[in-house]
Amino acid sequence: ILLCFRFSHHSMKGENHTLITEFVFQGFSSFHEHQLTLFVVFLAFYILTLAGNVIIVTIIRIDHHLHTPMYFFLSMLSTSETVYTLVILPRMLSSLVCVNESISLAGCATQMFFFITFGITNCFLLTAMGYDRYVAICNPLRYTVIMNKRVCVQLVWGAWSIGLIVATTQVTSVFRLPFCAAKVSHFFCDIRPVMKLSCIDTTVNEILTLIISVLVLVVPMGLVFISYVLIISTILKIASAEGRKKAFATCASHLTVVIVHYGCASIAYLKPKSENTRDQDQLISVTYTVITPLLNPVVYTLRNKEVKDALLRVIVRKLS
């Protein structure tokens, strides 16, 4: 059941400005005539994303054939994506059927914290998966030694730790600002739309956000790029065409997700702040909050033979 909240504006007078204690999302107000359609479409995407990620995690957990580093990272990515969508999509769906939905500053800070944490965790999990593919193809004889259980757990903890540290830094810097406006020109508490509501100059915060964006997007992208340069050079040295095809197939799913994920995030956070209109910004945000999380389970179930075979084994086992 979706709860609609009426916007109530509480404020206290400061010396030079009004301090806001509550925000209201403008959501998809410019698409007013199509809000019901958007609600149905986004709800369908949300259900498919949750179902797909739950299926992936469950299959990897119960099928011993998938107890490998690659699928361990995939299960961690699916878990992270699930929580990521839980942070954003329910409130976004609510904003489509409610007029002027409000959120407290604490609620907004909490949403931003979890959004940043899991968004960055996903970036570094994809990097860890790229490293795993590099070791599997470029050092196959030493794969089990290099990618042992301890290393896999450390890579996952590293991804989570970076997400938590960056989220804490970013949210602290944003919510130290005094706010004079209450209407967030977005459907969730993203960094730039919230900073625009501040009474004071946010140049320092903008610079911090850009530095963080470069570090958590360009660095992982660079590492994945290096991995794939080495992977492709190794694959091209494989004598048999069948061997090359099989090696490319193991990387295709991961590479597809990487290109879309990093591509959308880079457009959103590395572009100049005034380059796009509000509608364009929202369209980009929809891509990385709604479509990209669905891409992960779709790509890894429809394009991955091992996952499809495992799913078939589970179904046969349940029916027999």
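Including glycine, each Cβ sits where the backbone N, Cα and C put it.
Look at TrEMBL and you will find 52-300 tagged as domain 'G-protein coupled receptors family 1 profile'.
For the transmembrane segment (36-59), the residues of the chain that approach it from at least six positions outside its boundaries are 28, 66, 74-75, 78-79, 81-82, 85, 89, 92-93, 96-97, 286, 290-291, 293-294, 296-298, 300-301, 307, 310-311, 314, judged by C-beta separation under 8 angstroms. Annotation comment: TrEMBL describes 36-59 (among others) as transmembrane segment.
Here TrEMBL flags 71-92 (among others) as transmembrane segment.
The list of residues near the transmembrane segment (112-131) in space but at least 6 beyond its ends in sequence, with Cβ under 8 angstroms from a Cβ of it, reads 70, 73-74, 76-77, 80-81, 83-84, 87-88, 155-156, 158-160, 162-164, 166-168, 170-171, 174, 188-191, 194, 216-217, 220, 223-224, 227-228, 254, 257-258, 261-262, 265, 288. If you look up TrEMBL, you'll see 112-131 (among others) marked as transmembrane segment.
Sequence annotations record features per position, and here TrEMBL assigns transmembrane segment to 151-169 (among others).
Taken from TrEMBL, the feature transmembrane segment covers 207-236 (among others). Sequence-distant neighbours of the transmembrane segment (207-236) (same chain, 6+ residues past either end, Cβ-Cβ under 8 Å): 120, 123-124, 126-127, 130-131, 133-134, 137-138, 162, 166, 169-170, 173, 191-192, 195, 244, 247-248, 251, 255, 258, 262, 265-266, 269-270.
The transmembrane segment feature in TrEMBL is assigned to 248-270 (among others).
What TrEMBL records for 282-302 (among others) is transmembrane segment. Long-range contacts of the transmembrane segment (282-302) within the same chain: residues 28, 42, 45-46, 48-49, 51-53, 55-56, 74, 77-78, 81, 84-85, 88-89, 92, 119, 186-188, 190, 253, 256-257, 260-261, 264-265, 267-268, 276, 308, 311, each at least 6 residues beyond the stretch ends and with a Cβ under 8 Å from a Cβ of the stretch.
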Would you report the average pLDDT that the model assigns to the domain 'G-protein coupled receptors family 1 profile' (52-300)? 86
